[in-house]
Amino acid sequence: CWEVRKHNSSEWCHFVRSNPDCRLEGGLLHHPGAGQGPHRPLSLPSLTPQALWLLYLFIILGVTAEKFFCPNLSAISTNLKLSHNVAVFSLTSPLHGVTFLAFGNGAPDVFSAVVAFSDPRTAGLAIGAVFGAGVFVTTVVAGGIALVKPFTAASRPFLRDVIFYMVAVFVTFMVLYFGRITLGEALGYLGLYVFYVFTVVLCTWIHRRQRREGLAPAGPWEPEMPTDAEEQESSGTNSGDYGEEYQPLLPSRETSLRILTTALSPLDYRKWRRKPWYWRLFKVFKVPVELVLLLTVPVVDPDKDDLNWKRPLNCLHILTSPLLCVLTLKSGTYGLYQIHGIFPVWGLVTLVGSVLAIITFVTTSNEEPPKYHCVFAFLGFLASAMWINAAATELVNILRTLGIIFQLSNTVLGLTLLAWGNSIGDTFSDLTMARQGYPRMAFSACFGGIIFNILVGVGLGCLLQMTSGQLVVKLQPHSLLVWILAGALGLSLVFSFVSVPAQCFQLGKAYGICLILYYLAFLCVALLTEFRVIRLSA
């Protein structure tokens, strides 16, 4: 499809429509320039809607993962009795970002990689995003934490995470060198992550046992954790609960209509008055997304007395969530399928969902959640995953469209726009955590969380592509940029692996400045390579 620019502008539409390589699969929308033909691909009016839609897709990914995907994962871990082993470990210092929390935080990255790997034409986008996000997080985010608040790094968790990450990068480098991934290698990616989780659990158990026996004193290797009081205060502030002064003096029963309207309101007016103007402006952009998500995705909150049970809204979710799943799966192919050519699947789902919703509404009360309320956590997890997958599919399609229009490779789009968009949420959360006095925890998340992204993103993405019948996924590096990207990530890890112990794990502003300068130098080299200023001689 890149050859469209070699033809006259009058032939672009015919070329794009007749070329199978220009067809976008899996998206819900058609993007001019890839699916309908570019009339004036470089004109600002024709590109402005795509640019705004690209930014809005990042907002959808962030809001869905933060407010719907992660809370339901937490509720599932509680219901599966994992809160006292793996799930709690993922929330404690050495295992932060390893299991459920890593899945929640890395959902946009992993889904984007899986969608990109599902099509050989966009595999370079996944490679650029996985490696680009790795370079960005381990340099800009880690360096920003050191600049915001100098600290003493957690030695053993840091060394463990960096070693595992370097092994993952080396394995991916070898895969790119041979240009293919077999079934055994794809399973090896997932197996390596399972081994990493096992190592983290084992090391944490050994250290805690030594501390109980008095053999290992509590040292600076373990990141600090907020106390229970701090966690309660923080969670209360974030949820808009400002204390008992706003609680009613006498208990009162709310009507179902009032519960529904209150639950569907994405605005907290008390918080709105306290926030600055830029927060309000960003909130205005998020309100439509949050409203649609509230209508289609249930959220179970184990920290609340009522588990976030909203009877009228949850009964509505019994209808909307399954309907969302069938209409977004394979771009609605299954939902629009007609049974025996007469009755559509979405009609059957609507009928069954309506019956179940009415039964649930009649047999439950507004005050007390039913015993099967945990099922809504699984339903919310599935619905939010479908939203993330749909947004990631649209994101990959629009990036490929922009690549065709501007003649940019998928790799450079992945290491810039896709990597920055997926990492912006982690950047703000880690820097905020550092400002609040927990820089070691934020620094540990920089190296622990992205291991999940590369191992699960590449492994699962290739496995899903193999389900189409190909047991070998071909990954041909298209240019020198792929090798520069892999080498830059490996070099940044080696730099941290050597320099951090050399500083006795005392990280300050000098370390942060070096990392940020390294990323700027890498970005300059990558862009110069993309525009063929730097190239290999024949």
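Cβ coordinates are placed from backbone N, Cα and C, and glycine is handled just like the others.
Sequence annotations record features per position, and here TrEMBL assigns domain 'Sodium/calcium exchanger membrane region' to 51-201 (among others).
Positions annotated as domain 'Sodium/calcium exchanger membrane region' by TrEMBL: 377-527 (among others).
Residues or ranges marked as region 'Disordered' in TrEMBL: 217-243.
Sequence-distant contacts of the transmembrane segment (51-70), counting only residues of its own chain at least 6 positions beyond either end whose CB sits under 8 Å from a CB of the stretch, comprise 29, 101, 104-105, 107-108, 285-286, 289-290, 293, 297, 299, 380-381, 383-385, 387-388, 391-392, 394-395, 398-399, 402, 417, 421-422, 424-425. Feature annotation from TrEMBL assigns transmembrane segment to 51-70 (among others).
Annotation source TrEMBL lists transmembrane segment at 82-103 (among others).
Counting same-chain residues at least six beyond the ends of the transmembrane segment (123-150), those with a Cβ under 8 angstroms from any Cβ of the stretch are 109, 112-113, 116-117, 165, 169, 172, 176, 396, 399-400, 409-416, 418-420, 422-423, 426-427, 430-431, 434-435, 437, 439, 442-443, 446-447, 449-450, 453-454, 457-458, 461, 473, 475, 478, 482, 485-486, 488-489, 492-493, 496, 506-509, 511-516, 518-519, 522. Taken from TrEMBL, the feature transmembrane segment applies to 123-150 (among others).
Among the features that TrEMBL reports, transmembrane segment is placed at 186-206 (among others).
Outside the transmembrane segment (277-299) by six or more residues, the chain places 56, 59-60, 63-64, 67-68, 71-72, 75, 263-264, 266-267, 308, 313-314, 316-317, 320-321, 324, 376-377, 379-380, 383-384, 387 with a CB less than 8 A from a CB of the stretch. TrEMBL lists 277-299 (among others) with the feature transmembrane segment.
TrEMBL lists 311-329 (among others) with the feature transmembrane segment.
Sequence annotations record features per position, and here TrEMBL assigns transmembrane segment to 341-364 (among others).
Sequence annotations record features per position, and here TrEMBL assigns transmembrane segment to 370-390 (among others).
Look at TrEMBL and you will find 402-421 (among others) tagged as transmembrane segment.
Sequence annotations record features per position, and here TrEMBL assigns transmembrane segment to 441-466 (among others).
According to TrEMBL, the transmembrane segment annotation covers 478-498 (among others).
Annotated transmembrane segment per TrEMBL: 510-529 (among others), in sequence order. Within the same chain, residues 135-136, 138-140, 142-147, 412, 415-416, 479-481, 484-485, 488, 492, 495-496, 499-500, 503, 535 sit at least 6 positions outside the transmembrane segment (510-529) and bring their C-beta atoms closer than 8 Å to a C-beta of that stretch.
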Paired segments the transmembrane segment (370-390) and the transmembrane segment (441-466) in contact, 3+ CB pairs under 8 A
no
Sort out the residues at least 6 away from either end of the transmembrane segment (478-498), same chain, that have Cβ-Cβ distances under 8 Å to it, and list them.
124, 127-128, 131-132, 134-135, 138-139, 142, 159, 162-163, 165-166, 169-170, 172-173, 176, 409-412, 415, 514-515, 518-519, 522, 525-526, 529-530, 534-536
